[in-house]
Amino acid sequence: MAHGISKAAAELRRAARDPVLLGVILLVAGSLIVFVLYPLISVGAASLDVGGGKTGLGVYRDVIRSAYLRKAFYNSLMMSTLTALVGTLIGFLFAFAVTRAKVPLSKFFNILAIIPIVSPPFIGALAIIMLFGNNGLITWNLLKIQNFPIYGFNGLFLAQVVTFFPVAYLTLKGVLESMNPVLEDAALDLGGSRWKVFTKVTLPLAFPGIASSVLLLFVETLADFGNPLILAGSKFPILSVQAYLQIVGMYDLPKGAAISVLLLVPSLIFFYAQRALVNRRKYTTVTGKPQQSTTQIVSPGARIALFVFCLFVALVVGLIYFSIVVGAFAKVWGFDHHLTLDHFKFVFGVGFKAVRDTLMIAGIATPFAGLLGMVIAFLVVRVKFPGRKFVEGVSMLSFAVPGTVIGIGYILAFNHKPLALTGTLAILLLNFVFRYIPVGIESGKALLASIDPSIEEAAVNLGADSRKTFSRITLPMILPAFFSGLVFAFVRAMTAVSAAIFLVSSRWNLMTVHIMAQVESGNLGAAAAYSLLLVLIVAAAISLIRVALKSQYSKYGGAMLHF
Amino acid sequence: MSVRLVNITKEFADPEREGGKLVAVRDFNLEIQDGEFVTLLGPSGCGKTTTLRMIAGFEMPTIGEVWIGGKNVSNDPPNKRDTSMVFQSYAIFPHMSVEQNVGFGLELKGRPKAEITREVRQIMEVMGIADLAHRRPDQLSGGQQQRVALARAIVNRPSVLLFDEPLSNLDAKLREQMRVEIRRIQQTFKITSVYVTHDQAEAMTVSDRIVVMSKGQMMQVGSPFEIYSRPANRFVADFIGRVNLLSVTVERLEQEKNIVRGTDGSRYEAASAASGVAEGGKALLMVRPESLSVESSAGAAPAAEGRMAFAQGVIDKTVYLGATVEYEIDAGYERPILAVSHDPVNAGFWRTSDRVVLRYSPRAAHLLPPESE
């Protein structure tokens, strides 16, 4: 204990030699406390508020006694578990087909699986309503079924699997790609059949990745808000939506807060289980050329089966985007499919304020989130200071905490002085900046860890202070991580809905929230037009950042990849 | 400029050790003259790099002071100290050209552009890397990176130049070439230099003085000759080169003529003795393998003028290396005696099982204090 204190004192003494650095550390730690921890604490405190200035577990008792909310809890856990398992299965087969079996059209499948990731998370739900809803293209126009029961389990399950299987795909693609194909060759060489090789070598090697993907999907599905708000319906309650309805519909803050806590606890458990799993896995650094193998690792029959499977998944994803595109141009979806630009006239006319606001908010929040992510990654990896673990832990929290919980936390924490921010631009910006730093931090940390610290020491040794070292040496070296942080922050800021829905106001509104409102009022065409515009903006922005990164890479002559 | 390390102790927190800390450097005192080239030599973990990093300011001593050029810099951060370091990994900035790398320090000092260009050109000329100015670091060989790192350090004309095992990533041939080069550059610019290495040959080549360290403590400071021929204790004798040691009792200590007796009563003479060797006490008689001559024990070939018998025995192992032949001789001691003879073409060489006598000149014999532990 005593030596812990003396260590902290020594680290402080060292930090004090560099006032700029000390200031940055204090600023980062302070703002993490205020904008990440404090809202969560507010949620906890509000859930214990039993009225009359007293605290107790009364609200939880009410929540648990309510059969409806118990059902919501059960439904949420069940949906998350199912989606996690099925989504991972589809993601694995897709990744295996693309990376290992090398089915035809691999490149196309790869792009197709990435599109949902950069789309608003409720686009699946919107398309499903358009395809299978009361006026659905398939159910009503083709099959003439009225009131097809798409609301509830069926629709939501489909929407969430479509939304989240790409996350599993990306995770497992990385895992399968980093696996040395020579291992499989060796197993074949030793006389294993292809099926034996798959079950005894490939699958066990991929298992930590698969388990990690299941846990990750569970956390993301549990936090999902847009899909259940559109599709769950009143007979199939889901926790995140119930928390929202308690607050926005019933103005019952304590109950909404208590439901949030019930949502938060399993999220945190599964999130930390996933982290532990990932951290236990040994990282193999990729050096030199990736290992190549020409062996066909699957039999021709299996390859065809995988190809057909991929085609089917592609068909479902394609159908979703097809219906969004067509819906955006169709006069009245389900009744009058004449092409029209009316919906876009609406979007660019009356509804354009939301577009402008969204672009502005995402435009401001993105560079801040990107830069903050790099600063935190730098502090955590390179600087020794007391509370380093705390800063790292808190900055990663927003990965684990469902947006609904954060949104409720923000309205609870920042509706009174000294930080009366509700209804302002600032509250949206702060929420986006602090919520969307983790990807930047993670990739920044990984990249920094692979860079020899003596490169930065050399700069300091030559007379650079900490600010110069960071801007001239560290940041340029971790530029790829900075850009991936920027992309993530921008995509999320453009497509976020779960936390933002609590924070928008008449002064500052977002496209996503507008789309939800259009869906609720049955105006599917306008919703589709908005969604299409949103996806196009995000795609354009990503391409732009890609091009910028490419030009940087060529400027560095690929040097950064080697260090 | 001169460098002074006063009573330096450096502890690191280490919960796995007794007392929760690791003492990396203990009670370290050293004074380096202006323009002097001093090497910190020792096995890994001896505290040499920590000492170097304390001079640079990357580590702060737990106790003690660092003085550079008559100024106490103990509390100055690294960027405020006028030191330039050549890193083991070179630490070339990967996103800058060679020219930008070399000019970075001057740029930070706010020198005018034209001056920076001129200085950078000049130093690259001296280092023989002028034609690499616009190369990217990933296009350089190890030796070229080494030169860039050296140029980047020297161009600032620092008060002190620090080297952290700069040659350990080069192949053997290039390493020998660069040693000479580093010494030449240092002599040209007369910059006070501190050099860290675990390679004794490297230390001997470049240094004015060598500091031998072990377990955070200074074992001996001295010229390469003193360190090699007059080591202060068994650790230094063993660490620098190979050595033959005999347990002896000191009979008489006299200037240039110390008389000792072996366990079997034989009489030996040694020209020098380390401090801690006392009359009547125990000591270790040290003779380096190349100072022993291997002679025939058959017949009564008279010893050459002034040479004395060190041991007799049988050749146990012969290793022929071309320029030299190395022998291991079983003389009845716990460890075999090592001897190296040069120019085997002319001198001929012995074969396994030959009976030989080993002779030495008292000039090459040195007395070490008995091992305390």
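We count from 1, first residue shown onward.
Cβ coordinates are placed from backbone N, Cα and C, and glycine is handled just like the others.
What TrEMBL lists as transmembrane segment is A:20-41, A:72-96, A:108-133, A:153-176, A:197-219, A:256-273, A:304-330, A:359-381, A:393-413, A:419-437, A:477-504, A:524-545. Summarising the annotation, TrEMBL assigns domain 'ABC transmembrane type-1' to A:73-274, A:355-545.
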So, does the transmembrane segment (A:72-96) come close enough to the transmembrane segment (A:153-176) to give 3+ Cβ pairs below 8 Å, pairs being at least 6 apart in sequence?
yes
Which one, A:72-96, A:304-330, A:393-413, A:419-437, A:477-504, has the most C-beta pairs under 8 Å toward the transmembrane segment (A:197-219)?
A:72-96
Look over the recorded stretches A:20-41, A:108-133, A:304-330, A:393-413 and say which has the most C-beta pairs under 8 A to the transmembrane segment (A:72-96).
A:304-330
Suppose I define contact as three or more CB-CB distances under 8 A, residues 6 or more apart in sequence; do the transmembrane segment (A:108-133) and the transmembrane segment (A:393-413) meet it?
no
Long-range environment of the transmembrane segment (A:477-504) - Cβ separation under 8 angstroms, sequence gap at least 6:
117-122, 223-226, 240, 244, 247-248, 358, 361-362, 365-367, 369-371, 373-374, 377, 402-404, 406-408, 410-411, 422, 427-428, 431-433, 435-437, 439-441, 443-444, 446-448, 451, 455, 510-513, 516, 534, 537-538, 541-542, 545, 548-549, 552, 560, 563
Please indicate, using numbers and ranges, the residues of the same chain that are 6 or more beyond the transmembrane segment (A:393-413) and have a C-beta under 8 Å from a C-beta there.
32-33, 36-40, 42-43, 45-46, 219, 222-223, 225, 240, 243-244, 247, 253, 256-257, 260-261, 263-264, 267-268, 271-272, 275, 376, 380, 419, 421-422, 427, 430-431, 434-438, 441-442, 496-503
